[in-house]
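Participant: Here it is, the structure, as structure tokens.
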Amino acid sequence: MKPHRLCMTHHLVLSYELHKKMEIYRPHKAYPVELAQFHSADYVEFLHRITPDTQHLFSNELARYNLGEDCPVFENLFEFCQIYAGGTIDAARRLNNQLCDIAINWAGGLHHAKKCEASGFCYFNDLVLGILELLKHHARVLYIDIDVHHGDGVEEAFYFTDRVMTVSFHKYGDNFFPGTGDVKDTGEREGKFYAINVPLKNGIDDASFTRLFKTIIAKVVETYQPGVIVLQCGADSLAGDRLGCFSLSIDGHAECVRFVKKFNLPLLVTGGGGYTKENVARCWTVETGVLLDTELPNEIPENEYIKYFAPEYSLKIPNGDIENLNSKSYIGTIKMQVLENLRCIQHAPSVQMQEVPPDFYIPDFDEDEQNPDERVDQHTRDRQIQRNDEYYEGDNDNDQNMDDV
């Protein structure tokens, strides 16, 4: 049986001993009530009970929720979703409680899932759930997506609000999935100009991509002044991806992560797409190193999956040889349109003071490790409860230094 890309990433990270430089946590499994903070209750309930053995009885529901095709029903589907969603929710809560500056969930980043349906092998949108958590403590959240596919599910969720700015760099045109993300799609109502789309053509290389990325993101951060950043690092934008069509090297992809880190804002990093699994593992290992300020040697150390990195056994991959169809004039036009849209927004929109909703779960507490026959002490119970008297203008306001909050 071939290994999963996350197993390969895990073993690469261990082989470089990066785990010694960070704290690793086992996420809780997201409860149905947590998943229903964004998704419809009927959709959550259906995914909770559907199995491969019973799906033939629910043809109407499968069609309604877009299950099948690229969103198949498989054994332990709901538990799979609970784990990756719980990881992103816990990451957001650790940032909210100032337990870390950077939180990583390489299993997360399933950005296509919608409120009432699955899409593109994304069942629950952990990114939206994580952002909703961050909004409890931050007036403004910046979401950045460098997956080759448009981050449509996240954009759609926040299309009508200025509390979240979404910025997606993606392939657009030629009926490429999901078919959304035109530069003209900028949000509506209160969210007008708070959705930024950077549509790109086949073959974009490191120099073109990173130059455009840095110009746009620098202006976004200057204008929007977010309190926290969520960065989706889909690795299908790498050269040689089985479903992708860009020509980014791992160094080029990682340079975007390095640039975002330099803003020194609380940062939640997730995975995403990626269909050449050995390159996905390479990429996320390098980017783990970037987030830890650690340069990794190019020669991959011995590990359980070393044979999959043959024959070079090297960490880095070169740029692809696909023709770059993104001319200087095309990139210049896209950049000009995006910067013009940014000039239209209210500078760093404020938010009215409101009570911080309680957390359903505190990430340090692990239900699976609790003995049901053992009494839980008061301290442990207290750690599951968020104070209900916290306000944006109090000590729990992580953006309290902003003049307009």
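All positions are counted from 1 along the displayed chain.
Cβ atoms are placed via backbone N, Cα and C, with glycine included.
Pasting the feature list from TrEMBL:
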{"type": "DOMAIN", "residues": "1-289", "note": "domain 'Histone deacetylase'"}
{"type": "BINDING", "residues": "Asp70, Gly120, Tyr275", "note": "substrate binding site"}
{"type": "ACT_SITE", "residues": "His112", "note": "active site, proton acceptor"}
{"type": "BINDING", "residues": "Asp147, His149, Asp236", "note": "divalent metal cation binding site"}
{"type": "REGION", "residues": "358-405", "note": "region 'Disordered'"}
{"type": "COMPBIAS", "residues": "391-405", "note": "compositional bias 'Acidic residues'"}
Participant: Measuring Cα to Cα, tell me the gap between Asp236 (divalent metal cation binding site) and Gly120 (substrate binding site) in whole angstrom.
Facilitator: 13
Participant: Out of Asp70, Asp147, Asp236, which of the binding-site residues is least crowded by other Cβ atoms within 10 Å?
Facilitator: Asp70
Participant: Say we define neighbours as other CB atoms within 10 Å of the CB. Which of the recorded positions His112, Gly120, His149, Tyr275 has the fewest?
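Facilitator: It is Tyr275 that, of the recorded positions His112, Gly120, His149, Tyr275, has the fewest other Cβ atoms within 10 Å.
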Participant: Other than Asp70, Gly120, Tyr275 themselves, what residues in this chain have Cβ atoms within 8 Å of the centroid of the substrate site's Cβ atoms?
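Facilitator: Nearby residues not in the site list: Phe121, Phe177, Leu243, Gly273.
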Participant: Taking only the recorded positions His112, Asp147, His149, which one has a CA atom nearest to the CA atom of Asp70 (substrate binding site)?
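Facilitator: Of all the candidates listed, His112 is nearest in space.
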Participant: Could you round the CA separation between His149 (divalent metal cation binding site) and Gly120 (substrate binding site) to a whole angstrom and send it over?
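Facilitator: Here the two Cα atoms lie 10 Å apart.
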Participant: Between all pairs in Asp70, Gly120, Tyr275 (listed as substrate binders), what's the biggest Cα distance, rounded to the nearest Å?
Facilitator: 13
Participant: Apart from Asp147, His149, Asp236, which residues in this chain have a Cβ no more than 8 Å from the mean position of the Cβ atoms of those residues at the divalent metal cation site?
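Facilitator: The answer, listed by sequence position, is Val148, His170, Gly234, Ser237, Leu243, Gly244, Gly272, Gly273, Gly274.
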Participant: Compute the C-alpha separation of Tyr275 (substrate binding site) from Asp147 (divalent metal cation binding site), stating it in Å without decimals.
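Facilitator: Counting only the Cα atoms, the answer is 12 Å.
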Participant: Hey, how far is His112 (active site, proton acceptor) from Gly120 (substrate binding site), Cα to Cα, in Å?
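Facilitator: Roughly 6 Å, rounded to the nearest whole number.
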Participant: Rounded to a whole angstrom, what is the C-alpha distance between Gly120 (substrate binding site) and Asp147 (divalent metal cation binding site)?
Facilitator: 13
